[in-house]
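Reproduced below are the annotations present in TrEMBL:
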{"type": "DOMAIN", "residues": "20-139", "note": "domain 'Peptidase C39'"}
{"type": "DOMAIN", "residues": "173-452", "note": "domain 'ABC transmembrane type-1'"}
{"type": "DOMAIN", "residues": "488-716", "note": "domain 'ABC transporter'"}
{"type": "TRANSMEM", "residues": "173-194", "note": "transmembrane segment"}
{"type": "TRANSMEM", "residues": "206-224", "note": "transmembrane segment"}
{"type": "TRANSMEM", "residues": "285-303", "note": "transmembrane segment"}
{"type": "TRANSMEM", "residues": "309-326", "note": "transmembrane segment"}
{"type": "TRANSMEM", "residues": "407-432", "note": "transmembrane segment"}
Amino acid sequence: MQHQLDITFFRRKKLPIILQNELSECGLACLAMIGHYWGIEFSLRELREKYPFTLRGASLKNIINIATDLKFNSRPVRLEMEAIKHLTCPCILHWDLDHFVVLKKIKGNKLYIHDPAIGKVKIKWSEASKHFTGVALEIYPATTFKPEKSSSKISTKSVVGKIIGLKKGLVKLFLLGIMIQICMLISPLYLQWIVDDVIAVNDTNLLTVLGIGFILLTLLRTSIETLRDWFISIFSIQLNYKWRGNVFNHILNLPLEWFQKRSLADIISKFHSIQEIQDGITNKVVSSLIDGILVVTTFVMMFLYSKALALFSFLAIIFYLILRWVSFDAQKNIISEYIINKAQQESHFLESIRGMQSIRLYNHQIERSINWMNLSVKEINTGLRMEKFSLSMGFANKIIFGLDRIIVIWVATLLILENNFSIGMLFAFISYKEQFSGRIISLIDKISDILMLKIHVERLADIVLTLPEDNSETNSIFEKNTIHDVTIKLENISYQYSQNEPMILDNINLTIPMGQCLAITGASGCGKTTLLKIILGLLTPTRGEVFIGGIPLSTINKNSYRKLIATVMQEDHLFTGTIAENISFFQASPDFNEIEKCAIDASIHEEIKYMPMGYNTLIGEIGTGISGGQKQRILLARSLYRNPQILALDEATSHLDVPNEIAVNNAMKKYHFTKLVIAHRPETINAADRIIVLNKGRIISDELNKHGENAASEALD
């Protein structure tokens with residue numbers, strides 16, 4: 001224990017709040033928080049890459065194993081609620097049966113919790129007992145522990161990436177801002193010269209010159225300000241368009257697993273962080289630089305007029321700066337909590353819309369409404385706390401600088417009475433002081449806002465710093481219609497979601513000749529869909545290699561490979577548009593004859609023909625007005641329209657009646673491409689040339705189809 005004290009004695013320990021990005025990484029986020037507390041400042045992203053988890057999340061054993069790897073000792077404890085006060089904090093608590101949180105401290109009858117799902121929480125003892133499951137984990141440094149710094153800190157530059165015209169635009173904004181500030185610096189001299197040099201000596205000629213000169217200066221300043229505002233509008237729109245386009249394109253190329261571990265509303269919320277960061281770059285960063293220059297210049301002018309008066313204003317600024325610095329963490333926590341609460345409310349709303357049929361059938365409208373209103377109240381209350389904080393800062397601002405103004409005028413008047421200051425100089429000094437105070441307040445507030453952007457930068461980093469699927473141009477490129485051999489070969493394929501999970505597939509060896517129709521069957525959860533996704537390049541095997549035409553799939557450009565394949569997967573969607581657009585997948589110049597031919601082969605043409613708008617009937621993911629069987633056949637027509645060399649079907653006819661399924665299977669026989677079919681129904685299995693059966697991740701049967709009535713039942717047995 002003495003070694004532990006030596007490590008941390010001279011370091012101020014602080015428990016940060018680290019929010020989970022994936023739905024199942026609460027345990028890893030808790031470990032990251034405690035790691036930061038003791039000096040291991042790895043980001044959650046780095047820990048996630050080193051210790052990946054499945055959607056099922058981490059068990060207590062997983063957390064202990066990772067903690068041990070990070071040179072921590074762990075002590076799991078089973079205890080009653082009353083014994084929590086004896087735990088060494090910070091520690092991890094098992095919460096709500098399926099969640100982990102960090103207990104920071106206990107004060108009075110309240111527990112201070114860092115919840116990776118929602119942020120900082122203060123919860124009463126009685127309320128905590130409803131959530132605590134009786135399991136805790138104390139974590140503390142081992143004797144071999146050494147503090148470590150993160151090698152890859154997230155920066156705004158790494159999140160923004162390369163945007164053409166960004167630097168050039170910022171330079172233009174800066175130059176326009178400087179020109180405006182020069183005009184503002186000259187403006188206070190007008191009143192001083194009028195009072196001291198015109199009125200005092202009755203010089204009308206000078207009055208005329210000053211009047212005309214400052215009219216021209218005002219016109220120039222107004223013109224430049226208008227030009228700057230217009231440029232900001234255009235620049236912001238262009239920047240937003242380019243940046244959002246870059247990020248959206250990046251999202252479309254992220255690995256499939258990334259989407260499976262995040263909620264839709266959370267992804268949308270992170271994408272919208274672009275707007276906040278972009279506003280900070282175009283408005284706050286450039287303005288802060290200009291404000292900083294003006295602050296220095298105006299203070300020098302004030303100092304030249306009167307050192308004493310300048311000192312009073314400077315002390316007021318110091319006091320306001322300390323106030324903002326002390327309250328910074330509180331403001332950051334409120335903003336983080338608001339973003340999370342808003343995302344949770346929107347997630348609940350989207351889930352309710354998508355699951356409306358289930359809600360109606362189970363009569364759960366009232367429950368969903370109450371839950372949504374509770375989430376909305378949390379969002380509103382956090383918003384009110386933000387507004388309260390803003391009003392408090394505004395109140396302090398007015399008090400500090402109101403008193404400052406009174407004291408400055410008081411002291412300046414005494415200087416005038418002592419003939420050490422002129423009235424014109426007072427007017428000019430007050431004008432410079434107002435500029436100085438206004439600009440430095442603006443500078444402090446903008447710097448605070450820029451630092452707050454770290455919240456949005458970290459959220460957006462979860463998107464832009466995740467590596468996209470490998471589509472390197474150095475990999476083998478498949479050109480459609482030039483590949484003559486798409487024989488699929490799997491050698492020693494094994495797959496597991498993470499190191500701590502069991503094998504989903506275990507040492508699979510399989511060769512699928514070109515043109516063969518292969519049926520893959522087996523009990524639910526035996527690895528059928530996982531095997532298909534590995535062949536399609538959606539998942540990377542833990543061990544082994546997939547070969548396409550003798551070429552390792554890992555060396556093939558994924559985009560070019562997928563030009564050869566078409567699929568109907570369980571998770572496939574229709575998109576908002578016409579039936580024809582969905583079949584052609586919104587091709588710019590679709591072949592309508594081919595659309596109709598594919599619809600006929602998918603046994604959906606006759607039903608489309610009798611719809612009021614035919615192939616121009618509008619459909620979409622929600623409110624399609626079509627049955628599950630019709631949706632599957634439209635998806636099948638879409639896959640046929642692609643004219644693939646490999647067709648993968650995952651329960652693609654599960655919603656069809658027997659006559660339609662037989663019609664589809666018969667139509668498919670005239671296509672000579674490779675067909676990979678996951679099925680349970682005998683009609684689909686009997687249509688295959690070959691049947692393999694999976695059980696617990698292994699192939700237990702691999703036979704050519706006898707084309708007899710009992711082939712499917714024998715395979716299933």
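Cβ atoms here come from the backbone N, Cα and C positions, even for glycine.
Could you give the neighbours, burial and distances for every feature on this list?
Long-range contacts of the transmembrane segment (309-326) within its own chain (CB-CB distance under 8 A, at least 6 residues past either end) are made by residues 299, 302-303, 393, 396-397, 400-401, 403-404, 407-408, 411-412, 415, 429, 433, 436-437, 440-441, 444-445, 448.
Distant neighbours of the transmembrane segment (407-432): 187-189, 191-197, 298, 301-302, 305-306, 308-309, 312-313; these residues of the same chain sit at least 6 beyond its ends, with a Cβ under 8 Å from one of its Cβ atoms.
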For the transmembrane segment (173-194), what are the same-chain contacts with Cβ under 8 Å, counting residues 6+ beyond its ends?
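Beyond its ends, the transmembrane segment (173-194) has Cβ neighbours at 206-207, 210, 214, 217, 220-221, 224-225, 227-228, 231-232, 235, 282, 286-287, 289-290, 293-294, 297-298, 301, 422, 424-425, 427-428, 431-432, 435.
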Taking residues 6+ outside the transmembrane segment (285-303), which of them lie with a CB under 8 Å of any CB in it?
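170, 173-174, 177-178, 180-181, 184-185, 309-310, 313-314, 429, 432-433, 435-436, 439-440, 442-443, 446-447, 450.
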So what's the mean pLDDT when you look at the domain 'ABC transporter' (488-716)?
86
Provide the three-state DSSP residue tally for the domain 'Peptidase C39' (20-139): helix first, then strand, then coil.
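The composition, in the requested order, is 40 helix, 43 strand, 37 coil.
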